[in-house]
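Asks: TrEMBL lists 73-129 with the feature DNA-binding region. Marked as compositional bias 'Polar residues' by TrEMBL: 367-383. Marked as region 'Disordered' by TrEMBL: 337-383. Positions annotated as transmembrane segment by TrEMBL: 39-56, 140-160, 180-198, 210-229, 263-291, 303-328.
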Amino acid sequence: MMLALSDWFWQERLWFPEGLGWADLEDRDGRVYAKARDLWVALPIAFVFLVIRQIFERTVATPLASLLGVKETVRLKAPHIPTLESYYCNITKNPTQTSVLSLCKQTGCSERQVQRWFRRRRNQDRPSLLKKFREASWRFTFYLLAFIAGLAALIDKPWLYDLKEMWQGFPVLTLLPSQYWYYMIELGFYASLLFSVASDVKRKDFKEQIVHHVATILLISFSWCVNYIRAGTLIMLVHDSSDYLLESAKMFNYAGWRNACNYIFIVFAAMFIITRLVIFPFWIIYCTWVYPVTIYQPFFGYYFFNGLLMVLQCLHIFWAVLIIRIALRFLTNNEKVDDERSDKDETDESEEDEEVEDKKDMKKNGPVQNGHTVHNNNHSKTE
């Protein structure tokens, strides 16, 4: 059954235009072509990236954070109350007013104490500024180096200046060493992001990020298998051209360098709109969607490849709305640039106010231990 499934999956009519097939991509006369089996190289590269990232974050990103003045917010720790902890972990992190009143009866705490406990507990689960900074600095380093390397690999290629050249001689296109490593490194990096997604900072667009990583991996892999390599290198270059600006803006934001963050973000917003909402759809997708049908009849691979590009374009539009909203808020009201996708710490009362409230609550309800009221029968003379 597996053999039959493999034969169906790799049948030539799905992957190639009529009259072409896998035999056309066999190495001959010193000319080397992309092979599907080459993609396995990306897996060890992904694990190497995970190791390098750990080393980078500890030896480079952490000292850099200290140098730039990244300051951690002191978070008050929620006391251990088993009833509230169980509710937080098993039911919800944001109890309703009715649930709060019910928890008050179960624990002997006041309504204010229960609300404060959940606020502090939620803040405990949020990633620290240092964690965010280290993640942003790692991505900044990769995206910047990838953009420089991609530009160096494509600067002398004719399809960088005339997009129709990407189809000249398709699919019999010789694989260059620079293309091979550009592809494997990019694929390995996005695979590493997918592997580390559980431990990375979770933002409000978490699901969109997963879709983006999966679509990118499929796009890179598929374009490699059917020798859409020239188109693939252009797509990767367009994406890398602005991502490092966003990550650098995040780094300055976490360090508290407001002006640097704001101005870099505005440059990023302009670059993002130009590359993702103009160049990508009106140049690259046009050249992969409209021009190829003048050369050969559409086939499954043609629709699949362009379908993945449209998925990416929908994500570009989604993120562009968020970016433009942030940029307009800064330009019109001179507000601080903040990542709307990130959860922010909930403000807590000052320690002095909390002490006053705690004393009032203790006089009213008595002290609390392990979620139960402790009754004190040793009355002082002053009472």
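Note: Cβ is positioned from N, Cα and C throughout, glycine not excepted.
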Asks: Can you tell me the mean pLDDT for the DNA-binding region (73-129)?
Replies: 82
Asks: At a Cβ cut-off of 8 Å, and with pairs 6 or more apart in sequence only, do we get at least 3 pairs between the transmembrane segment (180-198) and the transmembrane segment (303-328), yes or no?
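Replies: Contact between the transmembrane segment (180-198) and the transmembrane segment (303-328): absent.
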Asks: Could you tell me how many residues in the DNA-binding region (73-129) are helical, how many are strand and how many are coil under DSSP?
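Replies: The DNA-binding region (73-129) comes out at 36 helix, 0 strand, 21 coil.
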Asks: Near the transmembrane segment (263-291), which residues from the same chain, at least 6 beyond its ends, have a CB less than 8 A from one of its CBs?
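Replies: Same-chain residues near the transmembrane segment (263-291) but 6 or more away: 163-164, 166-167, 228, 231, 234-235, 238-239, 241-242, 245-246, 248-249, 252, 305-306, 309-310, 312-313, 316-317, 319-320, 323-324, 326-327, 330-331, 337.
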Asks: So which residues does the transmembrane segment (210-229) touch in its own chain, when a touch means Cβ under 8 Å and the partner is 6 or more beyond its ends?
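Replies: For the transmembrane segment (210-229), the sequence-distant neighbours (Cβ-Cβ under 8 Å, at least 6 residues beyond its ends) are 15-16, 25, 33-34, 36, 38-39, 170-173, 175, 179, 183, 186-187, 190-191, 193-194, 197, 235-236, 288, 301, 304-305, 308-309, 311-312, 315.
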Asks: Would you mind listing the long-range same-chain contacts of the transmembrane segment (39-56), meaning Cβ under 8 Å and 6+ residues beyond its ends?
Replies: 137-138, 141, 184-185, 187-189, 191-192, 195-196, 221, 224-225
